[in-house]
């Protein structure tokens, strides 16, 4: 029997049950026991659903209450001292992630950053020279017992020790976290021994760092690690998000029992690696895309897999390319999608069914079944809705001048100072304000047809008026309309641009209880009508202060959507860039003097290997500049980025040529600014001065210290003051309190820094 397995399954539930259970517990409305019961129910449901769909080896240990890296930190007892309070439990985990929990003292949350090149996030492990590890939280072992009690075929899932250390950060200078490997391996040996004692045969040990360009000392660390971990259980070395062919010499020397390859992200590595695999190894072929919603063309996969089956026999497994965490749960809930469009898609459960089909086929099943399943994708190739001549013609007619502003930044900066007359250290926010229950109910009533368009418009205008009044009372210098009309910064534009499909239950986890519902790019993209103009004009009519027009940039819309698989990402980005360009021109024509084009995802789109970086950055920068360039010098273009390590992309960030960039820096204590200082970044910067992901309200002294730190690296006349990110997920009480502190801190420092 050909083993069919997934690397992980979405935790949140088809209707976001985990999200609502977490938030209820955090609000004190339910008990920890009730939350734990919800998690157990979801795990059982998901295991059984995968089994029914055709998966015959189930992932156990992929469930996480916040993220799997944080879960690993608790497993090996790598909990920062400030978050400890009695025994390690769920509240310990939430204190690390959120800065506070229903029990225990509040403390600064751990730093959060992107999981490789995805829109998923993890809490960065913190390491010190005297770090000690021990067997800690028992969640993994408890879940193995749960699955075995149900009689299910178990494959334990464990983040590998080298990748775990790689994903962390030293909290003191003078040592490398790699020095901690030997101590960590002792605990990993205990983990594997305990899993073996529970009757676990296979452990999926994830080492995604192998897809990166690793320093030699980190590459060699794998040899030491897997020499010591060999024995108790069979180890499936699991890689994803890119090719690991460049690590062939290391990988084929490791004492493991199999290798998983992401053959969606890097199909070419199959020919490079398979001939060199040890004769006894399993090959797990990751052929079903775990990061997209498109139905797999199984008929195209069949010949390659059949040849592998003939060569490897039972040593060939079929799998998702990566965890299905990055895919929505169940397509059968999407009753409102056009049936033809729906026939192009497969969500997590349907991908399990695809694996089952492949497994059956490889074990002698009928090719006709595979061919029939793939037919909707064949039909799509000739669908007239997919390729639009007008869009293609406009792209073909672009010239170099379409990607450039009228003048260089120094000329623009003077024109903007003369026009805007802002004070030193201008204060602003990133864009969104709290999405209250009142706003959500208003949107739900409108979508359900229980209120008409005029009532909805009046309701949103009331929210905008409230946001403007609150900002003026706080004393902010540059205002925003608050985005009450937007359920999501990408989905909103996906609904209004032609070329996207919007799902109802296509939710995926971003971090913790935060879920996003990416639109799906299905055809060529264009803008039938203005998308933000009327709301922004209304907001500006209420105040004499400048109101920023708020747009999401083309690279972020692309990265935070499920992309097409039949055209390049560059092609889609430029199509979106043209649509945003038209919106920018309309906003400027309406008198909006500051326009923000958010690109928080530009770093996450970066390929994992340096050799591929420049090609991506070239088209990403061009797409942004295409969207931002149709304005006069006195119109100020802002952009926002978050969770970014800017060292790799600082030249590209400068090449965007935005007049002002706001970035997320408070959790890293302004360390991210070092890249801008070393590069001598020429334009204006707004480093975030407080962490919006934590509900804690910062002190004025804390913010003043961060502004002073920033002013040592960026001249004060090019410095803005703002929160780290948008405030959509916060409540108004904490939002107003934090912004008042921020404004007061700024006013206190203006004379000092003048």
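FYI, residue positions are counted from 1 along the chain as it appears here.
Even glycines carry a Cβ here, placed using N, Cα and C.
In the record from Swiss-Prot, residues 430, 431, 432, 483 bind L-methionine; the candidate from 586, 598, 612 listed for the same site is 598. Binding site for 5-methyltetrahydropteroyltri-L-glutamate per Swiss-Prot: 16, 17, 18, 19, 114, 514, 515, 604, plus 560 from the candidate set 47, 137, 535, 560. Counting every protein chain shown, the Cβ of residue 431 (L-methionine binding site) has 26 other Cβ atoms within 10 Å. The CA atom of residue 598 (L-methionine binding site) is located 13 Å away from the CA atom of residue 664 (Zn(2+) binding site). Put simply, residue 604 (5-methyltetrahydropteroyltri-L-glutamate binding site) is 14 Å from residue 640 (Zn(2+) binding site) when counted between their Cα atoms. Take the recorded positions 16, 640, 693: by the count of other Cβ atoms within 10 Å of each Cβ, the lowest one is 16.
Under the three-state DSSP scheme, residue 18 (5-methyltetrahydropteroyltri-L-glutamate binding site) falls in the helix class. Contacts of residue 432 (L-methionine binding site) defined by a Cβ separation under 8 A and a same-chain sequence distance of 6+ are given as 480, 482, 483, 486, 489, 726, 727, 728, in order along the sequence. With respect to residue 431 (L-methionine binding site), the closest of these recorded positions in Cα terms is 725, chosen from 18, 642, 664, 693, 725. If you take the Cα of residue 430 (L-methionine binding site) and the Cα of residue 114 (5-methyltetrahydropteroyltri-L-glutamate binding site), they are about 19 angstrom apart, rounded to a whole number. DSSP gives residue 693 (active site, proton donor) a coil state; it is part of no helix or strand. On a Cα basis, residue 604 (5-methyltetrahydropteroyltri-L-glutamate binding site) lies 19 Å away from residue 693 (active site, proton donor).
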